[in-house]
Every structure is written in C-alpha cells, then in structure tokens.
Amino acid sequence: MSDFQKEKVEEQEQQQQQIIKIRITLTSTKVKQLENVSSNIVKNAEQHNLVKKGPVRLPTKVLKISTRKTPNGEGSKTWETYEMRIHKRYIDLEAPVQIVKRITQITIEPGVDVEVVVASN
C-alpha cells in the first residue's frame, strides 16, 4: 500500500473510534408503542455499555377541534370536541459511530416517528 492509502485507512479508523453525541427524539400518539421503542433503544445502549441519558418525557401536546354536531345548522346547537395527544421522548447517547449505527437499526413500530440528530464536536 502506498503512504496515501495508509493515511486514508488510518483516518477512517480514527473516525470510527471517535465518540459522537446523538439525540434520538421519538414522537407518537400511542404511548405503549412509544414506550416499547424507547425501552428497546435503552436496552441496546446498556448492552453496549454506552453513556446515555433518558428517556426524557417531554410535555404532551393536546390538539383540540370543536365542531357542530348537526351539518345543516338546524336544531339545538350542540358541539362535539375531538382531541389528539402527541407524546414525545428523547434519549441522549455518546458512542463511536459503528455502535450508534447498530443501535439505530432496531425495528420501529408503526406510528412512532424517530428523529436522530448528531451533535457536532
């Protein structure tokens, strides 16, 4: 191998060993599925002996819509209220790149949105 190739390989190894900070944000309207996904991520992090914080429970957003029950406007003026609750959790991890890739490749239940943000060092 030439010197250039050796330097490139060494640089790639250093990047893989470099510890990065990531924040995984989970969002869902279904609490059980959200808790299952967050517990799976935490278990994987504990198996790899990673520095973790969380899952941190963020305040639940409640979206409400009020509508009239009767479509034609006649009759008594009765109203119907609908609401949707949005639950959020986040988990902070510190780990090398390869281990983070393994942890984030878990199966995610339908209805759970996952956002992964990598902090710059």
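Glycine is treated like the rest: Cβ placed from N, Cα and C.
Features of the protein shown, as given by Swiss-Prot:
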CROSSLNK  LYS6  ubiquitin cross-link
CROSSLNK  LYS8  ubiquitin cross-link
CROSSLNK  LYS21  ubiquitin cross-link
CROSSLNK  LYS32  ubiquitin cross-link
CROSSLNK  LYS101  ubiquitin cross-link
MOD_RES   SER2  N-acetylserine
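Note: the CA-CA distance between LYS21 (ubiquitin cross-link) and LYS101 (ubiquitin cross-link) rounds to 13 Å. LYS32 (ubiquitin cross-link) and LYS101 (ubiquitin cross-link) have their C-alpha atoms 25 Å apart, to the nearest angstrom. DSSP assigns LYS101 (ubiquitin cross-link) to a helix. Local packing around the Cβ, expressed as the count of other Cβ atoms within 10 angstroms, is greatest for LYS21 among the recorded sites LYS21, LYS32, LYS101.
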